[in-house]
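J.: First, the structure itself, so that you have it in front of you.
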Amino acid sequence: MSVTLNSGFKMPVVGLGVWRMEAKEIRDLIINSINIGYRHFDCAADYKNESEVGEALAEALSTGLVKREDLFITTKLWNSDHGHVVEACKDSLKKLQLDYLDLYLVHFPVATKHTGVGATGSALDEDGVLEIDTTVSLETTWHAMEDLVSMGLVRSIGISNYDIFLTRDCLAYSKVKPAVNQIETHPYFQRDCLVKFCQKHGICVTAHTPLGGGAGNVEWFSSVSALDDPVLKNLAEKYKKTVAQVVLRWGIQRNTVVIPKTSKLDRLKENFQVFDFELSKEDMNLIKKVDRKQRTNQPAKFWGIDLYA
């Protein structure tokens with residue numbers, strides 16, 4: 001099952017995110033995922049495992065496990081490379097061992113002090129606050145992203161972690177419209193206004209952290225997991241599915257793309273088994289009521305500054 005982006009290319013509605021995946025786990029993770037049926041993989045320079053993903057993809061392609069045209073590979077421009085877009089993209093392509101990307105995203109709407117292409121550091125000042133580069137505008141970054149399309153390095157370009165106002169601005173100055181806005185959205189952080197704004201203007205919304213981050217974000221950010229919500233647990237019992245499957249199905253029925261992450265084989269299979277049932281309109285409305293407007297992924301922990309404040 002896929003959606004057609006405004007660029008004309010198709011994007012599978014379920015993908016696998018590789019954030020916080022250990023390098024030693026990547027090979028088996030990618031191969032097992034492809035065997036299960038995954039064709040969409042969400043990467044980023046900042047995840048520091050593009051090389052390992054590239055080795056696994058190269059193996060899958062060389063052994064005939066899958067064809068390149070059947071894969072959808074996303075990666076992202078890191079904050080410190082806003083002034084070096086082409087070089088950063090080529091660095092990611094080299095690590096991923098690919099000739100082109102299906103989707104390249106601006107990871108965050110902020111340019112920071114350059115730390116060297118491919119070196120995804122977050123330079124902090126003496127007070128421990130992120131060093132923001134005020135000489136590179138988001139418009140300049142976007143026009144460099146557009147160049148990647150004309151160069152044939154990237155099929156589609158998009159944004160990530162942009163709010164309504166920044167998304168509106170991008171639409172105003174873009175020659176190539178953003179195909180995707182990848183944002184945190186899940187039952188506890190539904191962001192209906194942003195989702196509907198993007199969809200109204202032909203931008204596909206990809207939900208990162210579609211399960212609310214689970215145990216990982218509870219540990220990192222002291223957030224509350226939606227997977228423990230009693231309403232969602234009751235729906236899981238009703239549909240004879242897991243809570244995660246109900247949440248992913250809810251995301252798909254909102255017309256968003258979901259990219260859950262897991263390194264466990266049983267969960268990989270479970271997260272992909274979401275096409276054999278449908279939530280009723282009443283139950284979709286029921287899930288609307290559990291929204292807590294709770295962001296679970298908060299980079300302020302690392303950057304010393306809350307960019308969402």
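Backbone N, Cα and C atoms are what each Cβ position is placed from, and that goes for glycine too.
Taken from TrEMBL, the feature domain 'NADP-dependent oxidoreductase' applies to 19-291. According to TrEMBL, the active site, proton donor annotation covers TYR47. Positions annotated as site 'Lowers pKa of active site Tyr' by TrEMBL: LYS76. The substrate binding site annotation in TrEMBL covers HIS107.
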J.: Fill in the CA-CA distance, the residue listed as 'active site, proton donor' to LYS76 (site 'Lowers pKa of active site Tyr'), as an integer in Å.
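T.: Rounded to the nearest whole number, the Cα-Cα distance is 9 Å.
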J.: When neighbour density is defined as the number of other C-beta atoms within 10 angstroms of a residue's C-beta, which of the recorded positions LYS76, HIS107 has the lowest density?
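T.: Ranked by other Cβ atoms within 10 Å, the recorded positions LYS76, HIS107 bottom out at HIS107.
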J.: HIS107 (substrate binding site) to LYS76 (site 'Lowers pKa of active site Tyr'): how many Å between their Cα atoms?
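T.: Rounded to the nearest whole number, the Cα-Cα distance is 5 Å.
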J.: Can you work out the mean pLDDT of the predicted model over the domain 'NADP-dependent oxidoreductase' (19-291)?
T.: 93
